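Undergrad: The following feature annotations were taken from Swiss-Prot:
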- 4-70: domain 'J' (DOMAIN)
- 138-216: zinc finger (ZN_FING)
- CYS151, CYS154, CYS204, CYS207: Zn(2+) 1 binding site (BINDING)
- 151-158: repeat 'CXXCXGXG motif' (REPEAT)
- CYS168, CYS171, CYS190, CYS193: Zn(2+) 2 binding site (BINDING)
- 168-175: repeat 'CXXCXGXG motif' (REPEAT)
- 190-197: repeat 'CXXCXGXG motif' (REPEAT)
- 204-211: repeat 'CXXCXGXG motif' (REPEAT)
Amino acid sequence: MSQDYYQILGVSKTASSAELKKAYHKLAKQYHPDNAAAGDTNAEKKFKEINAAYDVLKDEQKRAAYDRFGHDAFQNQQSRRGAGGGTSSFHPDINDIFGDFFSDFMGGSRRSRPTSSKVRGSDLKYDLTINLEEAFHGIEKNISFSSEVQCDTCHGNGSEKGETITTCDACSGVGVTRIQQGFFTIEQTCHKCQGNGQMIKNPCKKCHGMGRYHKQRNLLVNIPAGVENGTRIRHTGEGEAGIRGGNSGDLYVDISIKPHDIYKVDGANLHCKLPISFVNAALGGEVEVPIIEGGKVNLTIPAGTQNGDQLRLRSKGMSKMRSTIRGDMLTHIHVEVPKNLSKRQRELLEEFKKESMSEKENDSSFFNKMKSLWS
């Protein structure tokens, strides 16, 4: 007995819709071809089984019919189809089986499956690394990647120039053929046109009838000002070209921002370490601070500033996408104590030390902290 759909999803037959959905998403993520190792055919097979199982069990009517007739009944239909000897490529779609079941026994009308030889191209992802200044100002970047592009010889239709594309006479352009199996009417992909519904007598030599071919591409992409690390930018229609004139997929550019030597980013705010002399910390003053847009601004240091204090420069942080508002820059004060003193400097500090020791100052003052370090 082959594994039924409940076993494939790892749930009981009484599982709720929410439990089915949770199990499906977990398994689909695990066995998705993008996450599987290259050449892992077992993962691809498992992924198809998971999708087929969930497609039936998520639908209440299909699930009821499946529970009634069972998985083996479905498998037996396949066995009888190949019982005449030789090989068979018969792989009926469970949707077709249940679709015809409800059509024949519940008075519904079976709709013809819409088919087309046109297939949308795949989406592409490109990882782009920029620096913080580029993220602040915005920039245009020329990126290079390879993808399927529309054939410029046949203009995407897959046929040699001047040749016509005809409707498949085996399936009348539907892309599927029907066979009767007892009370089931089963559809299978047309063997003549491979489900395209059309026949190309003389395929284009450049693209071998696919309407596209592989090529190295260059594209100028615009990175807006204020872009954040991890931002994904969509470029509609810049993915892989579709098959036989199908719509192109999209290109997704994922942004990574390099770490900066001076600034650390926190949303739209910037943080930086600002070294100042102990004289400026004690007496106050002004120091020049570099800003992200280039140049410097003056920052006022209040008298008595302590090591580790934080001073804010408003609207000197990062720009925000699609906004005129900017973040702030927060400077973290680091008081530097001189290591090499001149004779005169030492004399002045010794004099200051004597005067300080004769006074009763608050233990948390800057100068008492300095005395405790020097004692």
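Cβ atoms here come from the backbone N, Cα and C positions, even for glycine.
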Undergrad: Fewest other C-beta atoms within 10 angstroms of its own C-beta: which of the binding-site residues CYS171, CYS204, CYS207 fits that?
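TA: If we count Cβ atoms within 10 Å for the binding-site residues CYS171, CYS204, CYS207, the smallest count is at CYS171.
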Undergrad: Are there residues at least 6 beyond the ends of the repeat 'CXXCXGXG motif' (204-211) whose Cβ is under 8 Å from a Cβ of it, and what are they?
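TA: Same-chain contacts beyond the flanks: 150-154, 156-161, 241-246.
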Undergrad: Quick one: Cα separation, CYS190 (Zn(2+) 2 binding site) versus CYS207 (Zn(2+) 1 binding site), in Å?
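TA: Pair distance, Cα basis, whole Å: 23 Å.
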Undergrad: Once CYS168, CYS171, CYS190, CYS193 are set aside, which residues in the chain still have Cβ within 8 Å of the Cβ centroid of the Zn(2+) 2 site?
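TA: Close Cβ neighbours, site residues excluded: ASP169, ALA170, SER172, GLY173, VAL174, GLY175, VAL176, THR177, HIS191, LYS192, GLN194, GLY195, ASN196, GLY197, GLN198, MET199.
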Undergrad: Using C-alpha atoms only, work out the spacing between CYS154 (Zn(2+) 1 binding site) and CYS193 (Zn(2+) 2 binding site) and round it to an integer in Å.
TA: 19
Undergrad: Mind tallying the repeat 'CXXCXGXG motif' (168-175) by DSSP state, helix then strand then coil?
TA: 0 helix, 0 strand, 8 coil
Undergrad: What count of other C-beta atoms do you get within 10 angstroms of the C-beta of CYS154 (Zn(2+) 1 binding site), across all chains shown?
TA: 24
Undergrad: If you measure from the Cα of CYS168 (Zn(2+) 2 binding site), which of the binding-site residues CYS151, CYS204, CYS207 is the nearest?
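TA: Answer for the nearest of the binding-site residues: CYS204.
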Undergrad: Between the Cα atoms of CYS171 (Zn(2+) 2 binding site) and CYS204 (Zn(2+) 1 binding site), what distance do you get, rounded to the nearest Å?
TA: 23
